[in-house]
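Data block below; observations after.
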Amino acid sequence: MIGDIRETKECQLKDPMDLFHSGQIVKICAPMVRYSKLAFRTLVRKYSCDLCYTPMIVAADFVRSAKARDSEFTTNKGDHPLIVQFAAKEAQVLCDAARIICPFADGIDLNCGCPQRWAISEGYGACLINKPELVKDMVRHVRSQIDNPKFSVSIKIRIHEDLKRTVDLCQKAEAAGVSWITVHGRSIEERHQPVHYDAIKIIKQSMSIPVVANGDVKTLKDAENVHHLTEADGIMVARGLLANPAMFAGYEETPFQCIQDWVDIALEHGTPFTCFHHHLMYMMERITSKQEKKVFNVLSSTSAVLDYLNDHYGV
């Protein structure tokens, strides 16, 4: 919320590219609708996550409405490096959004991967992989209008059936000045099919900028395997981090300390009950019995959840 952001004027913005030059795999929390908000980003940063994305924000709404800005975007001093992901289909609208966000975040990402029908019908998300000239234009516009050279401009894509088209898209984006490209290794039609890690490797070998691999990473071991399979510079995780926010720190399942940390952070941030509860449902999925889930998942207030955690887990 931009009201909340003013204190971050003093915050130390970071150059996300420094992470990619560190020689380590960059561990990244994906943009997740409803979930990758400030409180959750604060939690995963405690557990070795290097770079966090906001949920996808529709750039046109963000530019047009102060109300949208306040409800869609909150940050604080510790929330860096931070990438704000936008859905956009016009270069100038994306630039205007980038300009507003520039003092408070370390970069923007253009969503070219969301396969949801509403996004595609609006001209957002994954349909952009079929418009390489438009993507190139959007990247170039932001590059030319934001005068902070450390402010990153990245894109997140899905792959084409014909991989030559994907490589062409990536090379055009690179020529326009894109900082890095995140590749979700599935096509628009694919949902739960195996991820094409071989495709990510081919894309990586065709580029001289960093490439981030995304798709089906559930543990730190998975992240290391995908790094070896694809040669990607970073690994982006969505559902794996929801299930285990301590994943990047090497935990096989969510440790109780992480649940305690979530309770403390969520209460401190005034997280709405539904979001607070849903995160706990994901985090406790692997460590609770069917019977316990039946009880826990229907609790309907913060106090009921806190009592349950205290009684059963001493949290």
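Each residue, glycine too, has its Cβ placed from N, Cα and C.
What TrEMBL records for 29-292 is domain 'DUS-like FMN-binding'. Per TrEMBL, FMN binding site is recorded for Pro31, Met32, Val33, Gln85, His184, Ala238, Arg239. According to TrEMBL, the active site, proton donor annotation covers Cys114.
Listed recorded positions: Met32, Val33, Cys114, Ala238. The one with the lowest count of other Cβ atoms within 10 Å of its Cβ is Val33. Note: Gln85 (FMN binding site) has non-local neighbours Pro31, Tyr53, Thr54, Pro55, Met56, Ile57, Ile108, Asp109, Leu110, Asn111, Lys156, i.e. same-chain residues 6+ apart with C-beta under 8 A of its own C-beta. For the binding-site residues His184, Arg239, the greatest number of Cβ atoms within 10 Å around a candidate Cβ is found at His184. Around Pro31 (FMN binding site), a 10 Å sphere centred on its CB holds 25 further CB atoms from the protein chains shown. Recorded residues Cys114 (active site, proton donor) and His184 (FMN binding site) have their alpha carbons 10 Å apart, per Cα-Cα distance.
On the 0 to 100 pLDDT scale, the domain 'DUS-like FMN-binding' (29-292) averages 97 in the predicted structure.
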